[in-house]
């Protein structure tokens, strides 16, 4: 049988072979061409049953070679026998048969005179007449799941019969696809039939039948066969097939070897000069996906109005398209990633601004800004978050305010208002048009930088656990009797004293050694005591198990994500596991942590709705704390922030709207920038962090919503259909962010090392999605071992290496800038 590739029943007759590329002999193709030239060809035949088709095919034989009535009856009776085919059995059926009939053997050979038909149903014995209605086995055949929607069956019947002196050949195309009863393996309408019967010749007819089936699976020949008006059209289609044929020389390969299907097949449009070849993304060709979205209109807010008109018809489907289980997985995955990001950046903001902005402000700001953005933005798959460059600016601004006795939040308010004003001006003047000039060089450099920041921060957080939960590197098993830790409630221990001798309890108030037995560490410190001993500062096991949870979560996420392409379990199970990979990895790691019961650092979210710093309120007033001229001077730093926001937002938007994601609902560059600009006003007035598109989390959101074809032919990889474009996942994520304050009792059971492992997975996944990493690997691979990449066929290797090294040097420069106080000019350097 053939769908895209060939499958054979193995010699044992109990299973189908693996799908493989059919290897044909050149002689069989020439014989097939002779059959089409001399045999019966019936095009647009009107027939409703297989018997009617056979009668017309036998009666349509050339007059000079007309069959005798007796031969015609014998051929008709032979062709109308019920064919027998190998059914596709489930694992449960195979095990049941093995248990019930362990020694049963069945012959799969056809008796003499019975044609072997390439497609057909299962279990009737080869002496039964063909049924006019589909059999129960056809309707319940599990193989039907592999057949693409709208497919039709083609039947190839070849065989050797002793009563014929000359071969009988017929090629038939029905006018309408009709169901031919129990002929097909699954109940499908049929349109094409090919019959070849003749006197015994070893394997000749079988190879011609394979050639015909392979020809019918060729997309170009299918078009010819559908549109052919005469026999000559079919011959021309076959000549086109032969023109593209590639011959493997004998003795240079093993003909019995089965060629595995390729991971991807070339488009049929590239094989014909009639249709123009697909345009490839070259340089800034990724922006071809944006198309006319970035064309200047020459009117104020013209681009914004076009974005609104373009996105408005899709607004209803942005909610209905989210009704899929995959969206639930995306919500849980990105919610936990966003919570971790909010806690991380909230903690760093608190350290940088003396808690003028902290974890609670980060939670509320993320929830509010993200919800509003997903509700009104042009690309709702974007996830807003605080970013590293914004954090650096906040730190510098706070230091400047402290040094010059300025109120930080009021100064920041005026900068935010200026940024919002400049952002609206950029929207009005259609400045997003400049996005057209962003090239792959810039996109990959920026994406690589943000991905490396995620990887670096996750590793840095894990290494800091060794400070919070120190490891006793000097531990020796032989010295175990000297390790102790006691609580001393008296005066501090003398220099060099490490522990006290045992004292009676309760100790005398004047005793030099007031040792408290039975008090915990917290109780001891609360009572003003201090810890004495050689093991007081060490926390056994916690750092080790934290690193194991961190690495285990990362490896589990990666392995389960790739489970979709594994060989184990049915396709539905593999897809479900892959969709919920991150959630399953987190649950497994949390379960291991709960079973071990160690005090690993947990996810702690604020439990009260009050500012982190009691000295501030929820509304920042523009006047009163700073001189009047501050509102004017604020425009200068606002220019730098505007460049930062514009570059960060639009480069992320370019990456998310690449051609390869096959987005159908368009982008919305102007509308997105307007939303971010207006949100700057609200977050500045309320003293919440500033937000912009988060590249890595947004890419993870996109990847978690990938759509692939539900059915794929045996041997064919599922086709990527695009992204599940909708608004609901983002809205639910940020609603959950808002109520996280009330979910603290549940979230406190999630270990932070597990979430850092998810961070590492997102960073690595985003890094693997760019071409830069592939080209960087080429620097380490000798030329003869390099993969056969498309650009290596057209660009000299020296030129590729020069491009890659230049990118890496620029990336290193950006990393150095980010790590110093010069990070304020980061957006200009981008």
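Each Cβ is built from the backbone N, Cα and C atoms, and glycine gets one as well.
Note that the structure is a prediction, hence the values are computed from the model and not measured.
The transmembrane segment annotation in TrEMBL falls on one of the ranges 537-562, 667-692, namely 667-692. Of the listed segments 242-271, 272-301, 362-391, TrEMBL assigns transmembrane segment to 362-391. For the ranges 708-727, 728-747, the feature annotated in TrEMBL as transmembrane segment maps to 728-747. For the ranges 502-530, 618-646, the feature annotated in TrEMBL as transmembrane segment maps to 618-646. Confidence in the domain 'Band 3 cytoplasmic' (1-255), given as mean pLDDT, stands at 78.
Among residues of the same chain six or more beyond the transmembrane segment (618-646), those with a C-beta under 8 A of the stretch's C-beta atoms are 389-390, 393, 397, 406-407, 409-419, 422-423, 426, 431, 611, 673, 676-677, 680, 684-687, 690, 692, 824-828. When each of 330-350, 580-598, 728-747, 754-773 is checked for Cβ pairs under 8 Å to the transmembrane segment (667-692), 330-350 comes out on top. Between the transmembrane segment (728-747) and the transmembrane segment (800-817), the number of CB pairs under 8 angstroms, six or more residues apart, is fewer than three, so the stretches are not in contact. Here the transmembrane segment (330-350) sits apart from the transmembrane segment (800-817); fewer than 3 CB pairs are under 8 Å, leaving out pairs fewer than 6 apart in sequence. Using a Cβ-Cβ cut-off under 8 Å and counting only residues 6 or more beyond its ends in the same chain, the transmembrane segment (754-773) has close neighbours at 333, 336-337, 339-341, 440, 443-445, 447-448, 450-455, 457-459, 461-462, 549-554, 557-558, 561, 582, 585-586, 589-590, 593, 603, 695-697, 699-700, 703, 804, 807-808.
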